[in-house]
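Listed in TrEMBL for this protein:
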- 19, 131, 351: substrate binding site (BINDING)
- 106, 107, 177, 205, 234: pyridoxal 5'-phosphate binding site (BINDING)
- 39-379: domain 'Aminotransferase class I/classII large' (DOMAIN)
- 237: N6-(pyridoxal phosphate)lysine (MOD_RES)
Ligand code: PMP
């Protein structure tokens, strides 16, 4: 294969699959400045509206004054500070697990866990719509991978029955990142337990948003650490910061510290960021009104979209995808909204399966009712959706 990169890029563009970045010129908030002007955005995972909260920013500044900027080394050398340690304890408490371990990103957390727990003799059972970071982690750890149909516990049961690997791990998003629906966690946990497998939940989109105090989709489902031995959450979404954590037993966390390569061989997060995240976590746990507000906006949006007959997926979370089908149609919809001052990017293959390109509409606690109504008005005039 030659390095004719221009041809590859041109083909991608012709197929409507070209990915472009947009340069934001103001902080996270529903209304944001871009080079072409201000847009009302529905595409941020800042579900609780904390990314630009003054108390979180102030904690970051204080943290930098106290700790400086860089951690200077990996956690196992000299990078682990009291700020990181306190955050780990607070995260463990927030999700009701004995311990938690910080990772630099969710992508790395997933890779770290699978690499530390599994090898080529192991088996992984993965929901068809799991996030790319879980898919990549499963590939990298060299375990045998069985993909079960989305949310289909019966299909998983068949796969578990057909296989007797010494270590078996079921992996699922808690809230699916592009569909917004919930994994059938109670059924998955029951099956895993019956099959002596472990269940790992990536709760990137549930942590902070769902369950009592924002403890996440696993807590909302009433499941504990026996049912879900490995719980992963991210800090860059509902908490508005950056990074990720894995929570579980003492032995799990110690095993990750010993073996998770994406934990061991990388510089620790800046300690000031840990301070900012502690402030965000306190707000997320205490201010339930943020969860209530975003849920009320979701209900308002769904009621309005229902009246318009829009092809929304079944989702009760802040992720409200509107299926367009082809990439070109999703792009046309997104452009239609942008002409009306709204930013809702088209999500296309390979991020979502072929034929299911969509607008991934995301509501947050920072939106107002009038802004949701503006979105509905603009959606009412979408070209060619019926
Ligand atoms: N898991 C899921 C379900 C996600 O949606 C994401 C981020 N899009 C990640 C993991 C990766 O997290 P991070 O952005 O912290 O790498």
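Heads up, the Cβ atoms here are built off N, Cα and C, so glycines get one too.
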Taking Cα atoms as reference points, rank the recorded positions 19, 131, 237, 351 by distance from residue 177 (pyridoxal 5'-phosphate binding site) and give the first.
131
Near ligand 1, which of the recorded positions 19, 237, 351 are found, taking a Cβ distance under 6 A to any of its atoms?
none
My understanding is the cutoff is Cβ-Cβ under 8 Å with a sequence separation of 6 or more in the same chain; which residues meet that for residue 107 (pyridoxal 5'-phosphate binding site)?
133, 136
Compute the mean position of the Cβ atoms of 106, 107, 177, 205, 234, which form the recorded pyridoxal 5'-phosphate site, and then list in sequence order the other residues of that chain whose Cβ is within 8 Å of it.
131, 133, 202, 204, 236, 237, 244
Quick one: Cα separation, residue 351 (substrate binding site) versus residue 205 (pyridoxal 5'-phosphate binding site), in Å?
16
If you measure residue 106 (pyridoxal 5'-phosphate binding site) to residue 237 (N6-(pyridoxal phosphate)lysine) at Cα, how many Å is it?
10
Relative to the Cβ of residue 237 (N6-(pyridoxal phosphate)lysine), which residues of the same chain, six or more apart in sequence, are found under 8 Å away?
45, 46, 47, 204, 205, 207, 208
Give me the mean pLDDT over the domain 'Aminotransferase class I/classII large' (39-379), rounded to a whole number.
97
Candidate with the highest Cβ count within 10 Å, taken from the binding-site residues 19, 131, 205:
205
Site of maximum Cβ density within 10 Å, from binding-site residues 177, 351:
177
Protein Cβ atoms within 10 Å of residue 106 (pyridoxal 5'-phosphate binding site), excluding its own:
25
If I restrict to non-local contacts, at least six residues apart, and a C-beta distance under 8 angstroms, what lies near residue 234 (pyridoxal 5'-phosphate binding site) in its own chain?
105, 106, 109, 204, 207, 243, 244, 245
Hey, does DSSP put residue 234 (pyridoxal 5'-phosphate binding site) in a helix, a strand, or just coil?
strand
Please give the greatest C-alpha separation between any two of the pyridoxal 5'-phosphate-binding residues 106, 107, 177, 205, 234, in angstrom, as a whole number.
13
For residue 205 (pyridoxal 5'-phosphate binding site), which of the three DSSP-derived states applies: helix, strand, or coil?
coil
